[in-house]
Amino acid sequence: MMDLDKIIASLRDGKHIPEETVFRLCLNSQELLMNEGNVTQVDTPVTICGDIHGQLHDLLTLFEKSGGVEKTRYIFLGDFVDRGFYSLESFLLLLCYKLRYPDRITLIRGNHETRQITKVYGFYDEVVRKYGNSNVWRYCCEVFDYLSLGAIINNSIFCVHGGLSPDMTTVDEIRTIDRKQEVPHEGAMCDLLWSDPEDVDTWSLSPRGAGFLFGKREVDQFLEKNNVELIARAHQLVMEGYKEMFDGGLVTVWSAPNYCYRCGNVAAVLKIDDDLNREYTIFEAVQAQNEVGNAIIPTKKSQMDYFL
Amino acid sequence: MLPEKRLLTPDDMKLWEESPTRAHFTKFIIDLAESVKGHENSQYKEPISESINSMMNLLSQIKDITQKHPVIKDADSSRFGKVEFRDFYDEVSRNSRKILRSEFPSLTDEQLEQLSIYLDESWGNKRRIDYGSGHELNFMCLLYGLYSYGIFNLSNDSTNLVLKVFIEYLKIMRILETKYWLEPAGSHGVWGLDDYHFLPFLFGAFQLTTHKHLKPISIHNNELVEMFAHRYLYFGCIAFINKVKSSASLRWHSPMLDDISGVKTWSKVAEGMIKMYKAEVLSKLPIMQHFYFSEFLPCPDGVSPPRGHIHDGTDKDDECNFEGHVHTTWGDCCGIKLPSAIAATEMNKKHHKPIPFD
């Protein structure tokens, strides 16, 4: 049996985790996640979190500002990896919390939780740099395929990474998707992870090249048909941390402050209480120096092969 | 036959990687890099040849076009690329053949047709309003094409192709990046060299190989960076990054550059940059699937047939729903919007951060 608390402590400190340990964490996570539905049922009170993008120290700040996993229930809307320094530690920390407190952490898949995207946008590079091979990246990608596609809070709030799909009008239809695969380039599963809300009259082509743009009409139809009052999603940077649209029927929550260590934005999480009241907590990026003056920089690893 | 995008699959990439076209093009880049060993930016070769002057005139015309399309819409509110970039792009595209003809009158109509697409695509993607090393590559293909057609003589022009032409191109790109808040295409976040460029680091490393005092670790000394920014391409890039990134230091926002600064000699850095360019640009499908093959960059046999559309400047170019287009490698193709550091810096100047509430 793994000592999760010890691993959690190492991860929080950004310390190296042996490859064998990562393998076992990923295997155990798969076994746990495969039993969850495409749309996970979650009870209030719960705190909804947006994109993390490997910003481990900001993830730790998020927990500190919002109560912590020992006392609070969380839904993470995906995009745990890519772009930041600590994609691996951020993702593994969330997996450990999932294993340690299965009923308190819900992890939804983002468009970055795929092989193709992580190969290009940093996670693969990070793993190869930290381990000298890509095995750990492969283990994590296996876990990605088991993440849920959405969550529903008290049957009243629908959570998803990107947004809606013209191919799926009900939550029950989402439950029929075979999700255990690489994110396809089109279709409902793709749309849930890639779509964006926009001031458009009807479904429109997304400039991202995947997913759709959807407007108020589509949101209102979805809310009414599924008898829910809010769609909570992430996927887009919001400089103010969160942004409500369509008369409060949809909210974008963004949880990576100073995104990519340079965008200068604040971040937010959204707490939903038992009466479905919304409370946004705003937080800023961790300073570049920790409290004892050491720069929060990954420890030196072997140099890139090109320069040996 | 107009230039065409042909690389779609990993098998295509294997054929490309083993092809004479890639070998010849790579040699071209290396020849240019070798030619600036020990040269400061101002130590270009004189007298400047007529063909280099013509290329500088061409770039001057492009620079003039950058002045014609000020940002008006969403000047203060949008965090993403400015749509006026499309007006700039359209004007370049409409005039590229004429500009090339006026500067290089010996080129035939067919040669102009082959070259103009690379000129059009040197400045960024019209639809996504982004820029990355793939667009920088297109500019180098333009230079390679002019060399293939006998305009440039490498024994005479290679140094000035870097120290005059490429540096002027880089200046224009910095104008476009800063003015239109171009998004980084295919950004690796902190795991890349730069948001936009690769070759200034490569050429810059070669410039520094014989330097007696500056070391790779010198990039952490801000005084040295400012002192040498205009003399060496590598330090110019570091200065640009320091200017646009809001975080504390290179170690924080640019770990790859920090890592490379630990290499002992510039010769090793230069050698590594060549390897890295081959691996990270010329061997990456997300970038190379947008590569145009042409008369002077012939496509190896056995590669996927051309896609149904030819570049004609329409909005549909680079549409991702075209049959056969690689969707399993989303990366650079299905661009993921990422505000540039320039945009973030500008926004910070205009707005106070909201006071956090709990």
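The backbone N, Cα and C atoms fix where each Cβ goes, and this holds for glycine too.
The structure displayed is predicted, hence computed values, not measured ones.
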Residue from A:D43, A:D79 that Swiss-Prot also lists as binding Mn(2+) 1 with A:D51, A:H53: A:D79
Of the candidates A:H57, A:H161, the one that Swiss-Prot places in the Mn(2+) 2 site of A:D79, A:N111, A:H235: A:H161
A:N111 (Mn(2+) 2 binding site): tally of other CB atoms within 10 A of its CB: 26
Cβ-based neighbourhood (8 Å from the centroid) of the Mn(2+) 1 site, residues A:D51, A:H53, A:D79 excluded: A:G50, A:I52, A:G54, A:G78, A:F80, A:V81, A:D82, A:R83, A:G110, A:H112, A:A234, A:S255, A:A256
Other CB atoms within 10 A, centred on A:H235 (Mn(2+) 2 binding site): 28
Residues near A:D79 (Mn(2+) 1 binding site) in space but at least six apart in sequence (CB under 8 A): A:G50, A:D51, A:I52, A:H53, A:G110, A:N111, A:H112, A:E113, A:H161, A:A234, A:H235
Environment of A:D79, A:N111, A:H161, A:H235, the listed Mn(2+) 2 site - residues of the same chain whose CB lies within 8 A of the CB centroid: A:D51, A:L77, A:G78, A:G110, A:H112, A:G162, A:L193, A:W194, A:A234
